2 protein chains.
Amino acid sequence: MSGEFNLIDRYFSHRQENRSDVQLALGDDCALLTVPTGYQLAVSTDTVVLGVHFLADANPADIAYKALMSNISDLAAMGATPAWLSMAISMPKFAQEVENNATLGTDDWFTENWLEAFCDSMFTLANQHNLQLIGGDTTNGPLTITFTIQGFVPSGQAMTRSGAKLGDWLYVSGNLGDSQAGLEVILDPSKSNRPHAQYLVQQHFRAQSRINFSQSLRGLASSCIDISDGLTSDLLHILKRSNVSARLNIDALPVSIQSCDFYGSMAQAQQAALTSGEEYELCFTVPDQYKTEVDKLEATSNENFAKAYCIGRIIAHPELTQQPEIQLYLDDKLLNSNNSSKLLTGFDHFKS
Amino acid sequence: MSGEFNLIDRYFSHRQENRSDVQLALGDDCALLTVPTGYQLAVSTDTVVLGVHFLADANPADIAYKALMSNISDLAAMGATPAWLSMAISMPKFAQEVENNATLGTDDWFTENWLEAFCDSMFTLANQHNLQLIGGDTTNGPLTITFTIQGFVPSGQAMTRSGAKLGDWLYVSGNLGDSQAGLEVILDPSKSNRPHAQYLVQQHFRAQSRINFSQSLRGLASSCIDISDGLTSDLLHILKRSNVSARLNIDALPVSIQSCDFYGSMAQAQQAALTSGEEYELCFTVPDQYKTEVDKLEATSNENFAKAYCIGRIIAHPELTQQPEIQLYLDDKLLNSNNSSKLLTGFDHFKS
């Protein structure tokens, strides 16, 4: 775009220290990088679009945080360490002060301040993960941001979605449901009087990925995914890729005290935990032989609040369908399909 | 987006053979890849946006070709070999046949046929370069496509923009100006009666990058860039990064017979060659000690039509300004700044 080089200089260059594995970053035709010996490269791409993933009045710092964190979380799902980031940003022209107070265009909210706040938030999060911006593209267009993130994982030790086996235990890495509760407050201001409403909104905007915890799972977990669309949706990806089914004990789902207070009961909070999205906790499976070791991770993790909670087990497909399926259990009893469907398609207090 | 997995399955999966350095491609949280020992990774990102880089009535096969070729060309500029591709595509919902012939929306041109033609073209070009699609993202939104391309270069042998030195010879890798001539025909249909008009339009849409030729320059060229914005614009990037100036002999610029016929004289064709964009020839500099070897590349290149044409030399900054500058020479005479400006800001027959 016109002035692209000025923009890059002002907002994207000289914001970070150079990693030793980056021989050339912004400003040439390509970045030049070195992957350490004995490591595989893990690569993931995510796009967020104005009007689809966020609205014009959203806080640009929140948008940057969530877009980048969901990308970082993809690395966590594989047990990889973040290293390099490319960013493509299409954006409208900046709204300018208009001398005669003429009406500004529809993009009058898009200012240099917006971009500055976005970049500050992005670089803060990137620096926390030793993640260096190594390239990208800046164009005119409807506001759209694509991150491509790269990280390292010791060769052969990445956790994929396809390794779950019959008899493996099913785990999640932390409390689920806070993000859902926060979203409900955002969508329905009448809920902002409920206990911990603002705390939960904050959890929705600033959920944390499990980069450190996931690295302690390498060699122990047989499969792993990050929970971005909701536990049941994401677990189904593991089940399909691994060609197995799962028993999931709803009353074993970890939930926060704040979510329990917000929903009024632990049972309701646990129902919310089934489908709450954008939390970036991990869902993973563990062979029986490693269960004791993984259970100990509850106490020894070096990342706040991350623990391994056993919530079920990998089982054979139901005889009738022979398809990957999640069987929901409550009080050690299998829910009938009618009740399961209600839980899996969202919960009543959200629809009302 | 809704139906994302079906889309990915239908259009993007199972289209290519698996490279041996790709351990996991589409369908998990990340791709898993191995860079060969002794090589650096070269990474570049490019975005094209509907209404900015192409129009709704453009041929989707041409759009895919140009977007991907410009990305491949970034690897050529460094002397790198293509390997992996990530693609993020935001797109409107497909226009559907409407039962009652109701008026379709503004995006009625965007159909599954469009996406299919785009993908066919993209995969054809990718396969020609042994370039594997390893991941991406598919979202709803205004049509925007971001490619992130990765390639390998032997460690320490990449050509950058910053290595040009005083006395180095200035080269380009092939004829310049065809793309500009083709664009003029597209923008001004009255020119379609000129000689070779359709050939030149085709050259505009299907310019080729110099992946093979660039690899033969490794170890010989001191700096290199691909010509995407136009020779003088791109050469200036080398000059600024290397902190040198250049003498450029306009009458040494290589042009095609077709371009000469189209413009009516070699002199006019050479003027067009100064600013013609999106051609993907290389502009590079060569230390005197390697000049003889590089000149031989004219005959021994294994890529059609690629040769090394010496068009000038790297010189010190003009005494007055001490800034990077291109000094244009015609018939061995320095053009005065007035005439140079005219040439560098575009040519008259394009403006009229």
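Quick reminder: no glycine exception, Cβ is built from N, Cα and C everywhere.
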Practice problem: Pick the one from B:ASP9, B:ASP62, B:ASP74 that TrEMBL also lists for the Mg(2+) 4 site with B:ASP29, B:SER44. | Solution: B:ASP74
Quiz prompt | Where B:ASP74 (Mg(2+) 3 binding site) sits in the secondary structure, as DSSP reduces it to three classes | solution = helix
Quiz prompt | B:ARG161 (ATP binding site) versus binding-site residues B:SER44, B:ASP137, B:GLU278 - nearest by Cα | solution = B:SER44
Quiz prompt | Of the binding-site residues listed as B:THR45, B:ASP46, B:GLY136, the one whose CA lies nearest the CA of B:ASP229 (Mg(2+) 5 binding site) | solution = B:ASP46
Practice problem: Tell me the Cβ contacts of B:ASP46 (Mg(2+) 1 binding site) under 8 Å, same chain only and six or more apart in sequence, or just say none. | Solution: B:ALA67, B:SER70, B:ASN71, B:ASP74, B:THR146, B:PHE147, B:ILE149
Quiz item: Which of these binding-site residues, B:SER228, B:ASP229, B:GLU278, are close to chain A by Cβ (under 8 Å)?
Solution: none
Quiz item: Counting only residues 6+ apart in the same chain, whose Cβ is under 8 Å from the Cβ of B:ASP137 (Mg(2+) 1 binding site)?
Solution: B:ALA88, B:ILE89
Quiz prompt | Cβ neighbours of B:ASP29 (Mg(2+) 3 binding site) where a neighbour is any other Cβ within 10 Å | solution = 25
Quiz item: Which of the three DSSP states, helix, strand or coil, fits B:ASP226 (Mg(2+) 3 binding site)?
Solution: strand
